Amino acid sequence: MAPPLSSWPWASLGIYKYFLLGPLVWKVAQEWAEQGGAPLGSRWLHLLLLFSARGLTYQFWFSYSNMLFLTRRRRVVPDGVDFRQVDHEWDWDNFLVLQTLIGAALVNGPLPLPGLEDLRVWDPRGLGIALLLHVGFSEPVFYWAHRALHGTPLFGQYHAGHHSTAVTQPLTAGFGTPLEALLLTLTMGVPLAGAFLMGAGSLGLVYVHLLTFDYLRSMGYSNVEVISHRVFEAVPPLRYLIYTPTYLSLHHREKDSNFCLFMPLFDLLGGTLNSKSWELQKEIYKGKNDRVPEFVFLVHVVDIMSSMHVPFVLRSISSVPFENHLILLPFWPVALVYGMLMWCCSKTFLVSFYYLRGRLHQTWSVPRHGFQYFIPAAKAGINRQIELAILRADRMGVKVLSLAALNKNEALNGGGTLFVDKHPDLRVRVVHGNTLTAAVILNEIPSNTKEVFLTGATSKLGRAIALYLCRKRIRVMMLTMSSERFLKIQREAPAEFQQYLVQVTKYQAAQNCKTWIVGKWLSPREQRWAPPGTHFHQFAVPPIIGFRRDCTYGKLAAMRLPKDVQGLGSCEYTMERGVVHACHAGGVVHFLEGWEHHEVGALDVDRIDVVWKAALKHGLTPV
């Protein structure tokens, strides 16, 4: 049997655990109805407000610490948070639910604390009393209890889970067993209880004390050094009064020192202060762990809703494939304003990263939304943003930069040729990755296929797919209104295969073909010409919507990263965990192979099989 208080009683409820707070909501609703308005003096209302405010405190620190464009240079542990840690800490806020329920029991108990009946807004005496009790009771009690939790057998029974991840996050602060949560409740609650018992409690004290406690906890777990070493050098005693993220991270990794709650003074008195704490803190603040990426994937924002599918917004959203969740709707105006600000004054920024075979791979984003790429007046500005990102990568020493989606649009910059032609001495290799995209699509087509219908046939991808398939003696019906462009592609094929390329100008021509390769948007009316049982392979951006229930729809070309990828904890748009778009994977292959050429402009059909075999060799797998 599991030890007592080692698992949460509502663990099986999942998201429904929040219904445990339902009685508090009901109480507030009753008081609202009785008073004919918001019951501002309701203790139940303040419990719910505190629950929300405390959760937002942890979320604020989580968002800040994962805004890599602000914090990259001061990260304590340079590794990334992977999906295992995300799932492990999914219910990090269990302690908030528990403490809210304990608070409800106290305010409605048979022996309520003095002052709760006629709660004052503020009493400055209470703050002094709470501070004295924190230093005199909470800090030493937590220190010794924490040391006990690192002993045998308590560590394995109660505390090992909290230490199972090497990279701390603000949400890690709340992750633990009920016993650990009760210990925190005691150390946090006694100063408040003391202030109320001495007649100096107030509503303001409750908010200030709890939110400051949570603020310091989430700051310590943020994995970002936020206190300058110069502060400690100017005021040396201060280093024993407040801990730092580096200080806590040393405890989290080495487990034999730095046990204090917030004040290293107690580690000093207990002989457990890690001697590396302050020098390491100084080195990290000065950028010790900053590292140059060797591969960069340059993306852009798709739309307003998907702009919130980033690691620094909500981890529960970014760690799963993107969908339009209702929970995101209240944040839509904020995302809109943020998008407008990006358009006005932002430059390319770092979004996420992972490690593959010890090499740092980063994703950067151009601060533009998809619709802006189709505004003629925005074309020059977008190309300037991409060009500056390429030049920045070149200065940094990046080996390969891969262009995503519309960043390599032919009408925008010729699939990247604009930048390579303008800067012939680039050391960074610019790659559109579409050779692997073509390979993925082509290898999805059954080997016994005799005929396909191709839209977007005159794009660089469509052209390469058509030329490749005709060499396999597969008849390709190319939908194009331009005979000149069709004939140009046909003439590129060897003479004996040109007969397999056929120009069509209407969708009706494909009403008997069950293999459609889609490179442009298809309306429901256009899709209806496909016969039942048709499978739609696609490389259209954005992907088409499946309106036909009697047909099947492939997703955008993608590949799964090798199994040895590390620190990957967010999904790439609608891709599954560990899966990236084929153009991203194509850039990775280009880097792993050490190829020295730029992959821009038209696709080299002869390299499709070469790139596919290289991808498989390096452990990338089709989805």
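Each Cβ is built from the backbone N, Cα and C atoms, and glycine gets one as well.
Here the structure is a predicted model, which means the values were calculated and not measured.
Taken from TrEMBL as is:
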| type | residues | note |
| --- | --- | --- |
| DOMAIN | 132-272 | domain 'Fatty acid hydroxylase' |
| TRANSMEM | 181-208 | transmembrane segment |
| TRANSMEM | 295-314 | transmembrane segment |
| TRANSMEM | 334-356 | transmembrane segment |
| DOMAIN | 452-622 | domain 'Very-long-chain aldehyde decarbonylase CER1-like C-terminal' |
So what's the mean pLDDT when you look at the domain 'Very-long-chain aldehyde decarbonylase CER1-like C-terminal' (452-622)?
94
Can you name the far-off residues of the same chain, 6+ from the ends of the transmembrane segment (334-356), with a Cβ under 8 Å from a Cβ of it?
68-69, 72, 79-80, 293, 298-299, 301, 304-305, 307-308, 310-311, 362-369, 372, 385-386, 388-389, 392, 561-562, 564-568, 570, 588
Are there residues at least 6 beyond the ends of the transmembrane segment (295-314) whose Cβ is under 8 Å from a Cβ of it, and what are they?
59, 62-64, 66-68, 322, 324, 327-328, 331-332, 335-336, 338-339, 342, 348, 351-352, 359-371, 373, 386, 389, 393, 398-407, 542, 569-571, 573, 580, 584, 587-588, 591
